[in-house]
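Asker: Take a look at the following structure, please.
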Amino acid sequence: MDFAKCIGDEFFGPVVDGCRGGFDFTLKFELLFFATIPPAIFLILAVPRIASLYSEPTIVAWRSWLYASKQILGFVNLVLQVTLLVMTTQGTAQFKLSGLFLSARIVTTSSTLLSVIVCHYEHSRCRRPSTILDVYLGLTLFLDIAHNRTLWLSVSSSLDAIFVRFHTTTVACKAVLAILESLSKKRLFVLHNRTTQSLDGTRGSYSLSTFSWLSRLLLSGYQNPLRLDSLPLLDEAMAVETLYARFLENTKGYLGESSGSDQKSRLPLSQALAKTLLLPLLLPILPRLVLIGLSISQAFLIQAVTGFLSAKNKADEVGYGLIGATILIYVGIALSTSLYWYYHQRFLYMARSCLTSGIFRKTTELSEATLAESQAITLMSTDIERVLAGFLNLHELWASLIQAVIVSWILWTRLKGFFALPVGLTVACFVALATVGRYIGGFQKTWMQETQKRVAMIASVLASMKQVKVSGLAATIDKKVQQARKTELRASHGVRMLQITAMTLSLLPELIAPVITLAATSESVATSNIFTIVALISLLTAPLGQLFQSVAPLMSGLACLDRIQTYLELEPVRERRGHNKSRLERIVDGPASSDEDYSYAFRVVNGSFRWQKDSPHCLQNVNLTVKHAAFTMIVGPVGSGKSTLCKALLGEISLSAGRVLVGKESEGKIAYCGQTPFLSNSTIRDNIVHFSQWNTSRYIEVIEASGLSYHLARLPDGHDTLVGSNGLLLSGGQRQLIAIARALYSDAHTLIFDDVLSGLDARTEDHVFRHIFGPSGLLRKRHDRPAVILCTQSVMYLPLADHIIVLSEQGDIAEQGKWEVLNSNGGYLQSLCVRDADATTPKVELGVEGESERNHWHTTESDEMRTKETLEQQLVVSENDEATVSGPASSGPSHVVAWSGGLANYRYYLKAVSVVALVAFLASAICYGFFFAFPTLWLNFWVRDATSKHRSHTNAFWVGIYGLFHALSLLGGFLTMYLAVTSISLVSGASLHSSIFAAIMRAPLSLFRTIDQGTLTNYFSQDITLVDGELPRSLIQFVCDLAISLSMAGVLAASSPYLAAMYPIAIALMYATVKLYLRTSRQLRILALEAKSPLYMHFLDVGRGIATLRAARLLKQYENQNDQLLEISQRPAYLLAMVQYWLLFILNIIVMFLAIFVVTLVTQLRNHGTGFAGSGLVMLLQFGQILASAMQSYAKLETSMGAVHRLKSLFEHVVSDTVGEKGISPPLSWPSKGYIKLDGVSASYMSTNEETDNTLGGLALRNIRLVVEPGQHVAICGRSGSGKSSLVLLLLGLLEPLQSTGCDAITIDGLDIRTIKQAVLSERIIAVSQDTIFLPAGASWQENLDLLGTCTTSEVKSVLENMNLWSLIESQDGGLTAAMKPEELSSGQKQLFSVARAVLRKRVKDREIRQASSIEIPSTSQLRLASDAQECKKTESDCEAVEGDSDLYCLPQLEPSNDTRLAAGREDVLGGVLLLDEFNSSMDLLTEQRYFNRIQSEFPGYTIIAITHSLASFIKDQECRQEGEAQVYRGGFFDRIIVLDSGMIVEDGHPTTLLETSHSKFRALCEAAARGEVST
């Protein structure tokens, strides 16, 4: 064997001279680079790979046809390689390459042996096909084919011929092995896990680089609607829990136990993220490097083709070689681009998992006060999305610079010193852009802060939508939100202008660099090299231009990442209980025994507490002991700090002095029920069980003890009833009962109840206390009796407490001890006039109720038995001891996606844009695209003229016009960007937000039964963010790229009819591809947006109930749930990104075919000049880049338009459900009398389109017939869930009556309220809701009180003084302008704030009427007589005089003022309607009576309808005629009582009359309250 046929093979070459037509490499070059170096590299990489796989478990069955085939072929290939090695030793001495031949065969044989071993381990212990084998076999296969051709052409003997035949056989073996190795092993796994269920988790490099693994998903999306639950899982490497575990290791200074440690040990968040995802971050580097090389090869291809056409002798082999080179280059570009983006997108979604999990975990570590100010929902949504958008072109930073350096060197070899022109311009633009980028971060932070405020405001409003509508604040809140939106858009102006500047700077190098370079070198550069120079400049400027455009998003992303880091650096709550010994202070009290040490639940020693470090003390000098297994009650006046003390024991409030010692039993779970019940948006049963183990008997026990059985039997879906966002679909009492039941169901050894009885009716309160806290109650009967703490205003139960703690108004402990001691020491407790336990216990605690109560309520013993039987029948216990609820399942949101026409979405988005602006935008884009593409054709004309015998124009002419075209293109690009950002984006964004939020504020409450808070928040967070940020950028990019693409296609068609003949085929192929793509991608876009709503809802739930969850040790369960929701949201988003790059791969393949067609055309037909070939290939070089950019921008645009589609669908859905918006607007003075009439009205919470059955559970109100006279004060009573709040909602137009309801069935002052616009109705009727709403953190006291901003400071101060709130505000730095912190207010103070807000509304209304009317209307202050003030003072002094002298509670007598009695009959005094929905549920009796006086004086002539559970106003303050009896004041505040039960009026009359009726239901309620002579 000598292969000595050609003497040129002995040289390095690389091109052989004088042999094989000159179209081949030398044999020496091939032996070195084809047969030696690649196998040697494989040997180096294979050894550590085998070592890493050796210890891994076997996960794939090796007894299969695939494994056998690979091993057999591997051994056959090894035998062949050994044979070739032996034959190589037979070479002649004259053959100078025999040594190189031998070394090549030794290395190749060794690599073949090692490949068999690698194949074994890769097959059995790796989920994917072997990447190292895929790359090695694929690369060496192409090299071996080329080498095999050379060997065949170099055969010089029979031995050479035999050698070549064996070598050909090894090539065939390697080809089959490459195919077998690339096959998936999915069906051969020993154990199937999430990786085997993923689409790409078991695929190899070939499948990944061609995206063939998406074929099943694409076909499925094309043929059928996609469902979220049908999407495949992500592979193990992208599991959230796995990623977060690694992320936590690198964020020790931010999260976990070391949170809050020394900041010097912290890594910047960007570094921590890079360290966590180091391998995913590095994987895209190799394909990106390959892409750089292939991209630069395009310039050499253009040079080779133009050189071939310029040559006189054109060899056919060279033409075929150019065609082959074109195939290799463009196939390589397509594959490397796909692999690069695949790995980079995986990194981005891994980063999203880490950041989202980190933000959620940090949220669980923060205090309630910190969470209220942080508004972290924006971080999880908007900021993370901007971080990912900024990191999208992360690898372009280094890749573009490397490519720029290489291309600059190539330009230097051709242009010498002139290469500095394009490079200098590029550097100058880069410096300018860096300067711009320095300012983007600051502007971006400002914008994000305003976005955060707006989203937090909307989230707060949506969480309290019922209260907003009841309070008539919908229009006011709408104005506030729209004002915040305008502020946000103004804040975005700086970022938008800088983005325009950055994008304009990015266009400068690409458009101006060719002009100045050709102007300087046109006389010295050969015309045939012009296209090569232009191509090289394009390779220099195009990636840098893309990089420049990425600077603004990158800086914005880094600014958002900095905001996230700031959030992660917040000080965590310092929990003083837990399993961490360093955080736990156990009780050590002298030499006491361990049993005695742990007989305490809590002990506070000289404790002082404050909400935040810089805030004043809310509790001070606290010394108390809460014993284990004892019942401790905490009482005190409104604002004394009862709730604060509960939070202090939980560790939620900062301890500034003293110690809090925690007993052993309180280290674990603590069941905490706050004043505002925390409920997640799930079923009632799920809220009660709440991650505890299911126990049927315990479940039934707690719902009976809590009184929930009565309500469950009357709800349509029973246990399976959805509670809605924040319990929207339930009454306040029902929400509280569920929270109580949850605490009872838990296995906690310590239970803390914060004012849980205040929102319950008298009978329910009595039932709850007797069955839960009483001597025979549930908590005292349990064998492991827990420590129970109850904060309450219901002081009648104090005699039954084991220990009593009394707080003073100054925030310290006034007294504490047992009842017997405190009731006789002359202190605060004795002044309450509560009767002793011997008088209370027989009737309250032992279940001896009054006969009138037992006989006249629907829930008798037999009813309760039937309720219990119904309850037990509803529950079906499955074999795994989990309960399921029979009956209709709650219908959740549908995950089937349908997409309406895309054009409709564009019309909806652009409807607010003027026609002039839209036409100008399109015209400027067309100008940009045409003048971008046409100069390349202009170069073709220049070359033709330059190569002709008689030139028509000088070079200056051609360069001048060439420069003019580029200048016009730059101007068109700038105008396109400016118009899109200003005239389109700002106008459309403002219009979309305004119309949709206004529609939601007008929507009926039934809408929020089907759409939860998280979903709606997602619309105004993620979707609006896409509309504001991503949509204008992607719209600009796509329209410009589309204009360029069409212009290039037109220019190419004009230059060659042959190329135009390919267009129909290319268009048909692209149409089919895009149609297949859109069917799937549009569904995935909607799913990706919708899948985030549950994640955001879960996040909002945790933020709202953080104290409850932290106390119950449930954060781990919620973290796991967050991980599940995060993974679900990742699936459609990740698959969408992959589908987008599948489309890019197909477009690159189409470009490849066009390039092959052009090269084939010019090399084979040879009737096209150099100009056509050069211009065509330059355009194709740019065309591929433009298509890639167009694909990305189109994908982003479609994603953004998916958000527009969702917003459009939401608007249409809301508008279709909204009623009453076409009604009338009555005169400003309406209602002037307050005459209310209801005639046979029934109503349901189901929308009017839903089927409603006429059953107890289906109707909220049943056949209500009611007439309320002007000026009448009506109290609505009844147990929780009886329909009291529903009646208020009906009067406000928020609850829809049945369609069968007749005309004029609901009238106020003679007008049917259904004919009045609902927004107007809520504004005209003043209402005070049970729960107070506040603006987000940062809003001042005055802004929260005077939402309209129409009152003076003196008016606001006057009202606050009347409500005894001014002293609280006066203590704040800044007074009314200081930031309000609602979490520092007690529930009673919050309710007083609501009353103050209503008083201000009434005064503003009176002022507006006076200004609009010529009638002089006396003001409230004029109607308030001096005698009333004196009488009020007398009442209070009388009360103080008898304190401590009577065994009855001292009640100030309410005497109505003369104005109140006469105002309703005066024509010059306008009345109205005031609705009070349990506004006094958290007030003590003295505070309640004081504010009834204020309401009476502030609202003269008003018809007042009040829902109340507080019946103390009806109890006489003198000696009762018999024990347990109650009477009403003859001249009291209320002159009419209505009792509701099951949605029906069961009693109606004057309080005195009803109390004197022996079987009165109202009398039964009052007797329940009278047994303690105190409010219930």
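Cβ atoms here come from the backbone N, Cα and C positions, even for glycine.
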Asker: With Swiss-Prot as the source, identify the stretch among 267-287, 456-476 annotated transmembrane segment.
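Answerer: Checked against Swiss-Prot: transmembrane segment maps to 267-287.
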Asker: Return the stretch with the most CB pairs under 8 A relative to the transmembrane segment (417-437), choosing among 27-47, 99-119, 267-287, 500-520, 1035-1054.
Answerer: 500-520
Asker: Please indicate, using numbers and ranges, the residues of the same chain that are 6 or more beyond the transmembrane segment (1035-1054) and have a C-beta under 8 Å from a C-beta there.
Answerer: 503, 549, 921-922, 925-926, 928-930, 932-934, 936-937, 973, 976-977, 980-981, 984-985, 1060, 1063, 1175-1176, 1179, 1182-1183, 1186-1187, 1189-1190, 1192-1194, 1196-1197, 1200
Asker: Would you say the transmembrane segment (321-341) and the transmembrane segment (1142-1162) are in contact under the rule of three or more C-beta pairs closer than 8 Å, pairs 6 or more apart in sequence?
Answerer: yes
Asker: Out of 99-119, 267-287, 289-309, 321-341, 500-520, which stretch has the largest tally of CB pairs under 8 angstroms to the transmembrane segment (387-407)?
Answerer: 289-309
Asker: Determine the minimum-neighbour residue: among Gly636, Gly1278, listed as binding-site residues, which Cβ has the fewest other Cβ atoms within 10 angstroms?
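Answerer: Across Gly636, Gly1278, these binding-site residues, the one with fewest Cβ atoms within 10 Å is Gly636.
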Asker: Which residues does Lys1284 (ATP binding site) neighbour through Cβ under 8 Å, counting only same-chain ones at least six apart?
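Answerer: Result: Ser731, Ile1276, Cys1277, Gly1278, Asp1477, Glu1478, Ile1507, Leu1540.
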Asker: Determine which residues of the chain contact the transmembrane segment (27-47) at the Cβ level, with the cut-off under 8 Å and only residues 6 or more beyond its ends counted.
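Answerer: Apart from its flanks, the transmembrane segment (27-47) reaches 3, 6, 9-14, 16, 97, 100-101, 103-105, 107-108, 110-111, 114-115, 117-118, 132, 136, 139-140, 143-144, 146-147, 150, 154.
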Asker: Roughly where does the domain 'ABC transporter 2' (1236-1567) sit in mean pLDDT, to the nearest integer?
Answerer: 71
